[in-house]
């Protein structure tokens with residue numbers, strides 16, 4: 001057994017090259033044991049490698065590489081490994097080889113990334129030996145069928161040739177394509193390279209045996225290429241593949257931005273016969289009047305009904321097909337279907353609201369209850385609770401009245417056709433001026449009903465804002481207009497809001513500043529930024545500054561590194577409100593990107609800024625950046641949740657709520673639980689609201705602590721001595737937990753993985769309830785119906801069932817609260833004589849004996865009852881339109897005997913086009929009527945009575 005390598009090392013000093021070669025071979029065999037000893041003479045081995053005439057110089061490089069590896073000098077080790085050429089065996093499983101390959105890939109990646117950012121002439125040449133090892137690694141991955149690993153390395157090293165080759169050579173091309181698309185959506189931070197990858201994916205998808213148009217369009221949304229999408233839709237219509245075109249249109253509406261959709265609509269309009277403007281489509285420069293609107297609706301209905309009875313061979317005219325596609329893309333169709341779903345499946349428990357109403361004793365909690373009611377009934381059009389409690393509702397005065405009126409907009413969200421009739425009593429009238437708070441709230445409500453889908457209502461709100469007589473109506477009008485014209489970047493709307501901002505009125509200015517951001521959402525408009533930041537630095541009103549702080553951030557939505565210069569200047573501003581705006585701008589620009597630089601900036605500000613509001617905003621903003629990977633958020637904010645600063649603790653709670661919304665994440669709930677007992681009341685408020693955001697739509701089975709939190713909300717609300725702040729949080733939490741009649745969830749991304757812009761905006765503005773309660777209503781923008789809606793070729797809902805392959809209780813609605821039974825009044829105890837007591841004792845003994853005889857019978861009866869209790873089935877059939885929670889989608893299938901086949905997997909959910917495989921007549925789901933005030937039709941006057949003779953007695 002060798003105890004020293006000294007003898008072998010001494011051979012390196014010999015003159016004979018063969019002895020040196022022998023020594024190197026021996027050293028290679030023992031280097032792992034004697035590397036420390038060999039390291040003292042490593043210079044001799046290096047000299048041998050540098051000697052061009054030495055035959056085994058590659059072997060010298062290999063030994064030197066191993067010595068440096070053991071010394072921890074990985075860079076030198078890598079250099080010598082490259083010098084070893086083929087002697088460095090990439091297929092070896094040793095720790096040395098694995099480490100050097102990792103270093104090699106890191107080094108190669110770094111060089112490739114640096115080169116990618118340089119112009120063509122300045123690119124540095126990459127060491128061919130380095131590339132050779134990386135290529136061998138790629139081949140090894142392919143040989144071992146480790147395709148995901150190869151795709152990961154190919155994307156990191158920017159090798160699109162290998163990326164494409166790996167996908168095409170894999171044994172599961174659709175699976176690899178889906179994996180690659182997911183990587184593009186969630187992990188890629190460089191926009192330019194991501195676009196190149198998406199182009200490759202589009203090419204592969206299109207070259208498949210059966211082109212996958214649905215996923216191609218998802219890629220094209222990311223590439224911001226509406227023209228290509230329009231071309232695909234036209235191609236599908238020409239090929240008579242209408243159902244696929246409709247499915248793509250629904251997916252586009254759910255995932256694409258307003259600008260993108262309006263470009264596609266514009267392109268479709270220019271193809272073939274010209275088409276009348278479609279009601280509801282946003283982003284058109286001129287909006288049709290209400291008369292045209294009703295005309296186009298009528299013709300639309302006539303054309304669609306004309307084809308119901310036709311044979312399958314007769315295809316509709318191209319004009320009608322394009323009309324339908326535009327109706328879907330404008331969002332009108334999806335909004336109508338979601339409204340139908342929410343009205344039909346409304347499962348609100350009014351008992352919860354009644355108990356809360358009976359417990360509240362002050363105006364703040366009164367407002368909170370009104371907001372909670374609107375959340376619970378969001379989109380259901382059911383205002384029953386308000387009608388039943390008109391006297392209680394009338395207690396709302398001033399701004400509380402404004403909030404209460406606006407809450408109707410949340411209840412009737414999406415109920416667009418009758419919006420003006422519904423709100424008629426609350427809107428400004430020419431004849432007599434009503435309550436300004438009511439009128440302002442009414443205009444805000446109209447905006448909430450038409451959020452992100454303005455159409456004709458934009459012009460109505462524009463005129464109302466022009467003619468508004470006081471600051472309260474202007475406040476509501478600005479918010480309503482901002483919501484309806486969200487993301488349209490319409491110049492006339494922008495100019496009017498800017499005029500309102502420049503009036504230097506605090507109440508008007510706050511809403512106008514926010515509305516400017518909503519209208520210019522994500523536009524990165526330099527003029528808008530200049531106007532808003534310039535005015536923010538001039539104004540003395542804190543309210544206006546607060547509105548602009550959020551507005552500025554919204555203009556930079558989704559702009560990533562393009563917003564860095566603005567973020568830098570805002571973060572350096574001496575005004576804390578503008579620094580807070582910097583935090584929100586980071587949140588909006590990098591939302592959903594998981595960008596490390598953005599996270600580092602927020603964490604730094606969270607612990608270093610001198611202003612509490614800025615620190616709180618910085619921590620809250622973490623939730624927006626991390627929402628694609630909610631499991632990461634608890635570890636990032638866990639230390640912040642224990643901060644000595646209560647504002648940071650509040651921010652940590654809200655960050656968890658935003659990031660893990662709707663997931664039921666156990667770690668997040670475990671962090672929030674101790675915060676519900678925090679000594680500071682507003683931290684408790686944040687923890688209560690965040691817990692509801694996380695546990696929305698969760699059941700006892702999917703999230704065991706949900707009932708415990710329900711009881712906690714109730715306890716806080718009913719405790720007379722608890723603080724108003726905590727009560728406000730608990731009441732809002734109740735509303736969020738049961739939102740939309742138990743049929744909606746909160747998610748910041750669409751079903752297909754795109755960032756859902758209205759949700760992000762809604763949640764950001766919702767967090768501003770800290771300063772201004774009426775902004776709580778913005779959370780309604782983030783509510784997404786959890787539904788599967790199947791449609792036939794005529795875009796009607798057929799009667800069809802879906803099979804949920806799990807026990808019904810797993811995703812069931814929560815049991816309603818029981819009405820408490822009235823307690824019987826206790827009888828006053830009477831004096832008992834000793835004789836009576838003895839007599840009663842004897843009677844009891846008799847009864848006992850009889851009971852013993854009866855026991856057998858009762859036991860038998862119990863057994864019978866247990867037998868009757870049937871075991872729970874392992875599946876459940878759900879009727880179309882079905883309430884299907886996100887986790888339930890995985891177990892959803894079509895019944896085997898079903899005549900319909902879905903155009904895309906049911907596991908994605910949402911609106912799905914169904915292909916009918918039968919010739920039989922279809923049964924359709926009857927639409928249900930919306931609730932709310934109806935305009936009473938004039939009754940016909942009764943006929944006069946028959947003539948008669950009056951005889952006076």
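Yeah, the Cβs are placed from backbone N, Cα and C, and that goes for glycine too.
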Candidate set 310, 417, 803, residue annotated N6-acetyllysine in Swiss-Prot: 310
Annotation match for phosphothreonine in Swiss-Prot, from 273, 629: 273
Candidate annotated as phosphothreonine in Swiss-Prot, where the set is 270, 508, 830, 917: 830
311, 784 - residue that Swiss-Prot labels as phosphothreonine: 311
Feature phosphoserine, as given in Swiss-Prot - residue among 281, 290, 750: 290
Listed as phosphoserine by Swiss-Prot, one of 374, 407, 523, 834: 834
Same-chain residues at least 6 beyond the ends of the repeat 'PC 1' (403-436) whose Cβ lies under 8 Å from its Cβ atoms: 280, 332, 335-336, 338-339, 342, 367, 370-371, 373-375, 377-383, 386, 393, 396, 442-451, 453, 455, 457, 460, 464, 467-470, 472-473, 476, 773-774, 776-777, 780, 783, 930, 932-933, 935
Chain residues in Cβ proximity to the repeat 'PC 6' (581-616) (below 8 Å; excluding those fewer than six residues from its ends, i.e. six or more beyond): 186-187, 189, 536, 548-550, 552-554, 556-560, 562-563, 566-567, 570-571, 573, 622, 624-629, 632, 636, 640, 645, 647-648, 650-651, 748-749, 755, 760, 764
For the repeat 'PC 10' (729-761), mean pLDDT (0 to 100): 88
Per DSSP, three-state class assigned to residue 720 (N6-acetyllysine): coil
Summary of DSSP states over the repeat 'PC 10' (729-761), given as helix, strand and coil counts: 18 helix, 5 strand, 10 coil
Chain-internal residues, separated by at least six, CB under 8 A from residue 720 (N6-acetyllysine): 361
